[in-house]
Amino acid sequence: MTCGSGFCGRAFSCASACGPRPGRCCISAAPYRGISCYRGLSGGFGSQSVCGAFRSGSCGRSFGYRSGGICGPSPPCITTVSVNESLLTPLNLEIDPNAQCVKHEEKEQIKCLNSKFAAFIDKVRFLEQQNKLLETKWQFYQNRKCCESNMEPLFEGYIEALRREAECVEADSGRLAAELNHAQESMEGYKKRYEEEVSLRATAENEFVALKKDVDCAYLRKSDLEANAEALTQETDFLRRMYDEETRILHSHISDTSIVVKMDNSRDLNMDCVVAEIKAQYDDIASRSRAEAESWYRTKCEEIKATVIRHGETLRRTREEINELNRMIQRLTAEIENAKCQNTKLEAAVTQSEQQGEAALADARCKLAELEGALQKAKQDMACLLKEYQEVMNSKLGLDVEITTYRRLLEGEEQRLCEGVGAVNVCVSSSRGGVVCGDLCVSGSRPVIGSACSAPCSGNLAVNTGLCAPCGSAVSCGRKC
């Protein structure tokens with residue numbers, strides 16, 4: 001008997017509160033998480049608490065049946081079951097407020113674990129595919145036949161490329177050296193021009209100082225001339241006033257003085273004419289003096305003005321030249337700084353190019369030395385192989401000669417056997433001695449028994465036939481002919 005799912009969606013078992021009935025098995029309907037229906041109660045209760053006396057036959061957490069227990073076939077007799085009365089009391093079943101949250105968290109954890117499990121499965125499949133791919137590649141590489149490649153053309157091409165690169169580096173080094181020389185020459189020219197402009201500036205400054213002194217002298221002279229002109233004007237005014245005063249006094253004396261003159265009636269003296277003539281002379285002298293003073297003053301003023309204008313124009317031209325020289329000096333200074341920067345950059349580039357060229361040349365030399373060593377070793381190996389090949393060919397030639405000799409001997413022996421000739425001993429002669437025989441050799445000489453044949457032989461040991469290979473003489477078995 002189970003309760004519904006109204007308590008937070010969890011099912012709990014009440015079958016533990018009732019005892020087992022005959023002919024029935026106890027089936028637990030507890031949730032999969034545990035045996036407690038309410039997580040807040042300590043200890044809780046479940047389906048196994050009541051059926052503790054029938055533990056051997058109780059059902060598990062997965063609603064399974066075990067043979068030989070309560071859930072299996074009923075035995076012929078049922079034993080008495082003792083039940084704890086305290087378990088029959090009503091239970092205080094309450095809804096856990098955190099049960100929904102816990103259930104939601106468990107669902108989220110299950111989803112996360114399912115996602116991870118799916119990711120692991122995908123990863124395992126991917127790794128299996130990669131493993132199969134690698135196994136296929138491994139089998140392909142194992143089944144592929146190894147072919148010998150001649151590396152000498154590759155090394156020669158690489159050496160040629162390194163040589164061309166070294167030549168390009170040398171050409172670039174020469175070009176950069178020429179550019180550096182040109183830049184140095186340009187810098188020397190700019191330096192000379194700068195020194196010339198500095199000397200011209202010093203000369204212009206000296207001329208400016210001299211002209212300034214001349215202008216100061218002219219200004220002082222002008223001031224002196226103005227002071228002199230003013231003094232002369234004052235003196236002229238004073239003389240004019242003095243002349244007027246003297247004339248007035250003279251007229252007053254003449255008009256107030258009565259002079260008794262004894263006159264000679266024989267002559268007539270007109271004093272008015274004499275006075276008028278003297279007055280006219282004085283007036284003429286005064287006017288000429290005034291005109292001369294004014295003309296001299298005007299001339300001097302014009303000269304001073306012309307001198308001032310000329311010196312002002314010269315000063316203006318000198319200032320313009322000084323400003324132009326300053327601008328030229330600034331421009332030349334900037335050009336010199338730019339030339340210095342370019343020279344520094346070119347020197348750094350040349351140094352870097354030299355270092356790179358030296359490194360490339362050193363690397364090329366090392367690789368060339370390695371290639372030469374490898375080539376020399378290959379030549380030595382080839383010479384050894386040729387020597388071994390020559391030795392093998394010599395051995396083969398000797399074996400061919402021996403095989404031919406044996407074939408001829410066998411053919412001759414067959415012919416003798418066919419003709420009925422007795423058995424003869426065959427020996428293989430040595431190149432260093434003759435044959436030991438008692439019969440005639442092929443050469444026609446009869447050697448002494450136990451001595452060497454004088455005829456040249458092939459150098460082999462005697463065989464069981466008892467005949468010498470070149471001469472057909474009989475020798476003992478196992479001895480040298």
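In case you wondered, yes, glycine gets a Cβ from its N, Cα and C as well.
The SUMO1 cross-link annotation in Swiss-Prot covers Lys212. For 106-417, the entry in Swiss-Prot reads domain 'IF rod', with the evidence type sequence analysis. For 1-106, the entry in Swiss-Prot reads region 'Head'. What Swiss-Prot lists as region 'Coil 1A' is 107-141. The annotation region 'Linker 1' is assigned in Swiss-Prot to 142-151 on the grounds of similarity to another entry. Residues or ranges marked as region 'Coil 1B' in Swiss-Prot: 152-252. The region 'Linker 12' annotation in Swiss-Prot covers 253-269 and rests on similarity to another entry. What Swiss-Prot records for 270-413 is region 'Coil 2', and it gives similarity to another entry as the kind of evidence. According to Swiss-Prot, the region 'Tail' annotation covers 414-481.
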Note down the number of other Cβ atoms within 10 Å of the Cβ of Lys212 (SUMO1 cross-link), including every protein chain shown.
13
Where does the residue listed as 'SUMO1 cross-link' sit in the DSSP three-state scheme?
helix
As a quick check of your reading of DSSP, tell me how many residues in the region 'Coil 1B' (152-252) are helical, how many are strand and how many are coil.
101 helix, 0 strand, 0 coil
Residues in the region 'Coil 1A' (107-141) grouped by DSSP into helix, strand and remaining coil:
35 helix, 0 strand, 0 coil
